[in-house]
Amino acid sequence: MGTPRGLRNAGSSSSACRFLAAFAVLLALPTLTAGLTRHYTFNVQMTNVTRLCVTKSIPTVNGQFPGPKLVVREGDRLVVKVHNHMNYNVSFHWHGILQLRNGWADGPSYITQCPIQGGGSYVYDFTVTGQRGTLWWHAHFSWLRVHLYGPLVILPKRGEGFPFPRPYKELPPIMFGEWFNADTEAVINQALQTGAGPNISDAYTFNGLPGPTYNCSSKDTYKVKVQPGRTYLLRLINSALNDELFFGIANHTLTVVEADANYVKPFTAKTLVISPGQTMNLLLTTAPNPGSPVYAMAIAPYTNTQGTFDNTTAVAVLEYAPTRASATGNNNLPLPPLPRYNDTNAVANFSSKFRSLATARYPARVPRAVDRHVLFTVGLGTDPCPSNQTCQGPNGTKFAASINNNSFVRPRVALLEAHCQRRVVPLAFNTSVELVLQGTSIQGAESHPLHMHGFNFFVVGQGFGNYDPVNDPANYNLVDPVERNTVSVPTGGWVAVRFLADNPGVWLMHCHFDVHLSWGLSMAWLVNDGPLPSQKMLPPPSDLPKC
């Protein structure tokens, strides 16, 4: 089947090193779009913010936490000029944007660009092609995304509606996050130095607000106002650093209509689970005669970790209008019944409900034939402690994370500029790939939300235990599998995805738990140029940051 057991070094592949041949001729083709050009400016600066009665200076975009909402239409060109006024290096990723032929705008530091240094600037310039729905943007350097994130809403083209009944109104997007009283850069730096697990967050947040279940936080409660008997569109984004989250609204049923900016067959649920990096669009139908003026919206963690984790519940308020009821306390709020923190069955049942529309207008273009079969093991492990150091990981080791037992080491220059010397997996243009991600239990079974840059993929199968290459493919869904950019490898299980490698460039794939990313759970695909000018990478921009 040609399944690689280890990552291949692109330096040994002459075809891989030819993939940037377009640069030799610099085919600076104009970007054709019928949409508008929308300009935004990001001034990245330190700002004092107070939560849980703790004031600290955090990185922000334009002084906002969370950052500004970006709104475009399908087909628009988005130009974001970033000015870094901090001492930290920074880069920004436009999570879920395909960046066709334009990896220079993708954003992960040392993969597609060197980071923007303090005092420097860079313009992210890209066109949103063939996508509509809810995505988001975030920093992609160290743990800076704990504060640097915001929604990216892609409206359908003018004149195009939704493939579901038009809602009465759209509610503001809700971004789930984590708040640390400590400096998060100090948290991860200490963990990497000692080899121990990092300290956990102090609270979960709704749009940066912890809510009334935490001490000194009642005034920092996020509220959503609705009217009785209406249907609203609600966009959810899990921007938490290290936690998958359950979500529910007391006494309300939700209808899921989109996942990762891809429409799905609508289904109802009282409780959702959403992994870091994932987005969902919901229809919320309010009660015609509500029994209470206010209801709790709650998030709580899902995890099977053997270590410590933030086992708290954050609450926001759904407030029916007109009402003057106080929503700052939590004693009288009806709370939604969320599953127990380690309820893997609830997660599996929810995940199994996702199906693509698979209609003529929104087809599921899942590859039926496969050119390349790849099996990657993903999980946690340990590295030996250096001889001159005392380490605080298991049995005096250092925590590590890996794909196929290889922990990714951050390069000193961007892979997109020097990919021939780095460990990547090369793919010929237009290769159809089946990727099986198998979880391991070396340091305990955990789920791993894997995010792929540059592509969406179809989730054709998943299960518990070890993947069976003989029998499991017979149960694949090749008719209407869900299309996503982030999928969670089940705890103690596997997931199979398929995608078409039709986007030339170097594309990162990594666990969206930032602690696992910091420990090395990532890799990169190198997709070679195709034969046609329209299948080759665009040349680098003149202001590309230098390392």
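Using N, Cα and C of the backbone, Cβ positions are placed for all residues, glycine too.
What you are looking at is a predicted structure, and each value in this text was computed from that prediction instead of being measured.
Quick look at what Swiss-Prot annotates:
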- 1-35: signal peptide (SIGNAL)
- 43-159: domain 'Plastocyanin-like 1' (DOMAIN)
- ASN48: N-linked glycosylation site (CARBOHYD)
- ASN89: N-linked glycosylation site (CARBOHYD)
- HIS93, HIS451: Cu cation 1 binding site (BINDING)
- HIS95, HIS138, HIS512: Cu cation 2 binding site (BINDING)
- ASN199: N-linked glycosylation site (CARBOHYD)
- ASN215: N-linked glycosylation site (CARBOHYD)
- ASN251: N-linked glycosylation site (CARBOHYD)
- ASN311: N-linked glycosylation site (CARBOHYD)
- ASN342: N-linked glycosylation site (CARBOHYD)
- ASN349: N-linked glycosylation site (CARBOHYD)
- ASN388: N-linked glycosylation site (CARBOHYD)
- ASN395: N-linked glycosylation site (CARBOHYD)
- ASN405: N-linked glycosylation site (CARBOHYD)
- ASN430: N-linked glycosylation site (CARBOHYD)
- HIS448, CYS511, HIS516: Cu cation 4 binding site (BINDING)
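If you check the recorded positions HIS93, ASN311, ASN388, ASN405, ASN430 against HIS138 (Cu cation 2 binding site), the ones with a Cα inside 10 Å of its Cα are HIS93. Same-chain residues that are not part of HIS95, HIS138, HIS512 yet have a Cβ within 8 Å of the Cβ center of the Cu cation 2 site turn out to be HIS93, TRP136, HIS140, ARG145, TYR149, SER239, PRO276, GLY277, HIS451, THR486. Residues HIS448, CYS511, HIS516 make up the record's Cu cation 4 site, and a Cβ search at 8 Å around their centroid adds VAL378, ALA401, GLU446, PRO449, LEU450, VAL489, HIS510, HIS512, PHE513, LEU517, LEU521 from the same chain. The recorded positions listed here (ASN48, ASN215, ASN311, ASN388, ASN405, HIS516) include no residue with a Cα within 10 A of the Cα of HIS95 (Cu cation 2 binding site). HIS451 (Cu cation 1 binding site) sits 6 Å from CYS511 (Cu cation 4 binding site), taking the Cα positions as reference. Sequence-distant neighbours of ASN48 (N-linked glycosylation site) (same chain, six or more apart, CB under 8 Å from its CB) are THR55, LYS56, SER57, ILE58, listed in sequence order.
Of all the binding-site residues listed (HIS95, HIS451), HIS95 sits in the most crowded Cβ setting, with the most other Cβ atoms within 10 Å. Within the same chain, residues at least six positions away from HIS512 (Cu cation 2 binding site) with a Cβ under 8 Å of its Cβ are SER275, PRO276, GLY277, PRO449, LEU450, HIS451, THR486. Nearest to HIS448 (Cu cation 4 binding site) in space, judged by Cα atoms and limited to the recorded positions ASN89, HIS93, ASN251, ASN342, ASN430, is ASN342. The number of other Cβ atoms within 10 Å of the Cβ belonging to ASN342 (N-linked glycosylation site), over all protein chains shown, comes to 14. The most densely surrounded of the binding-site residues HIS93, HIS138 is HIS93 (count of other Cβ atoms within 10 A of its Cβ). Other Cβ atoms within 10 Å of the Cβ of ASN430 (N-linked glycosylation site), summed over all protein chains shown, number 14. In the structure shown, the C-beta of ASN349 has more C-beta neighbours within 10 angstroms than that of any other entry among the glycosylation sites ASN349, ASN388. A separation of roughly 18 Å, to the nearest angstrom, links the Cα atoms of HIS93 (Cu cation 1 binding site) and HIS516 (Cu cation 4 binding site). Of the candidate recorded positions, ASN251, ASN311, HIS516, the one lying closest to ASN430 (N-linked glycosylation site) when CA atoms are compared is HIS516.
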